[in-house]
Amino acid sequence: MAASSLTALSRLVHLTPSSPKSNPKPFLSFSSSTVPILFTFFTLKLNSSSSYSPILSSSSSSSSLSSSSSSASLNSSAPMSYDKQLAAAKKAASLAARLCQNVQKGLLQSDVQSKSDKSPVTVADYGSQVLVSFVLQKELPGQAFSLVAEEDSGDLRKEESQETLERITKLVNDTIVNDGSYKVSPLSKGDILTIIDSGMSEGGSNGQHWVLDPIDGTKGFLRGDQYAIALGLLDEGKVVLGVLACPNLPLESITSEHQNTPNRVAGCLFSAQLSCGTYMESLDGSPPVKVHVSNTENPEEAAFFESYEAAHSSHSLSGSIAKKLGVKAAPVRIDSQAKYGALSRGDGAIYLRFPNKGYREKIWDHAAGYIVVAEAGGVATDAAGNPLDFSKGRYLDLDTGIIVTNRKLMPALLKAVQESLKEVALPSL
Ligand code: AMP
Ligand code: MG
């Protein structure tokens, strides 16, 4: 890793260095010495539709998740470990990020085509989905494999898409060869189509399901801005791990005074496992550092995130909420689940998302980000304060919008949201 990246990492004020026992490798799994954390987010009401009511244990009122020794001693049985799956997920997302970075560098107009819903999709979306599915199956052999992912091969099977399919096939094969971890014969176009369609699982509340957005924030990707490869794992309907690869996210805070520094080192990999906290490392391989959401109780200093695209989230509603709360800073508008990653390390304290009425959120747009923030001490709910339920298939069933913040600010935020929703109407789709 470049020395400048290490310096940038060490300057992040919210980071607590973990103490890996051995030298870090690019695709580190977490050390088994990681201290389990009694994580009280999951003591929020799980099936109720009434307003938010955190049930805090005595240890949870502490704002720091890093000092968890007393919590650990309260755990009578060791939590289920997903170490192997997490290592595989980090490797899969990192390799997919490499493909995406290469495509973004040489983004050509011909890389953009239109899906039937007219959203832009690039060879990188498909290539990323293939690589993630391929790596997960290679790294976790002999395990049942279920993947809920955004893309399917329908458009690529059309006559006019053959050139695109060839380009995807070459990109995927080149990425695998350059990585050097897998000695396999080159994948054919047929293999590519089949692997893309391995993502057609419906998910649900039984068993384990991977949840993937191969490029979250495609519009940001096309603009050269933020995007993320977002991969989560559901076990019995609960998100148990998540990885966010954010190739364009600076290693330093994007809301601090450093934000306008030119040539900042970018490329972050966030990873979280249930009861084990959230870590960040650079995409080119640095020691993971534990991260924590902002502890601020003061809305005046709580910078907030929202979508860059006004069509994805009402900027007027979020403006009204911010005003009611007394937030002073201008909104930070960036694409993708990079917002969850930035929030998990304390860049800003609030994320507001209010799509048009009738829009149905998909689980791959939130699963990884949700656990990355939750394990960093944050809370994500719908606009009525209900926890997000990932067990209902490919869609999230929720009331109005998604709000994310720390536990101290959530009650005031919920109040402001409820008041603003009465005053500012959300447009219909
Ligand atoms: P963001 O970059 O946070 O605005 O979110 C990007 C994600 O928004 C994409 O991956 C899409 O799945 C999703 N999206 C697409 N259309 C809409 C819409 N009309 N409202 C809300 N989200 C949308
Ligand atoms: Mg998405």
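Backbone N, Cα and C define each Cβ position, glycine as well.
A TrEMBL annotation is a machine prediction, not a hand-curated record.
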If TrEMBL gives GLU150, ASP213, ILE215, ASP216 as binding Mg(2+), which of ASP284, ASP347, ASP365, ASP382 does it give for that site as well? ASP365
Of ASP213, ILE215, ASP216, ASP365, binding-site residues neighbouring ligand 2, Cβ under 6 A: ASP213, ASP216, ASP365
Near ligand 1, which of the binding-site residues GLU150, ILE215, ASP365 have CB less than 6 Å from any of its atoms? ASP365
My understanding is the cutoff is Cβ-Cβ under 8 Å with a sequence separation of 6 or more in the same chain; which residues meet that for ASP213 (Mg(2+) binding site)? ALA149, GLU150, ALA228, ILE229, ALA230, LEU231, GLN337, LYS362, TRP364, ASP365, ALA368
For the Mg(2+) site (GLU150, ASP213, ILE215, ASP216, ASP365), what does the 8 A shell look like? I mean other same-chain residues with CB within 8 A of the CB centroid. LEU212, PRO214, GLY217, THR218, ALA228, ALA230, SER336, GLN337, LYS362, TRP364
Do you know which of the binding-site residues GLU150, ILE215 has the most other C-beta atoms within 10 angstroms of its C-beta? ILE215
Cβ-Cβ under 8 Å from ASP216 (Mg(2+) binding site), same chain, 6 or more residues apart: which ones? TYR227, ALA228, ILE229, ALA230, ASP335, SER336, GLN337, TRP364, ASP365
Protein Cβ atoms within 10 Å of ASP365 (Mg(2+) binding site), excluding its own: 21
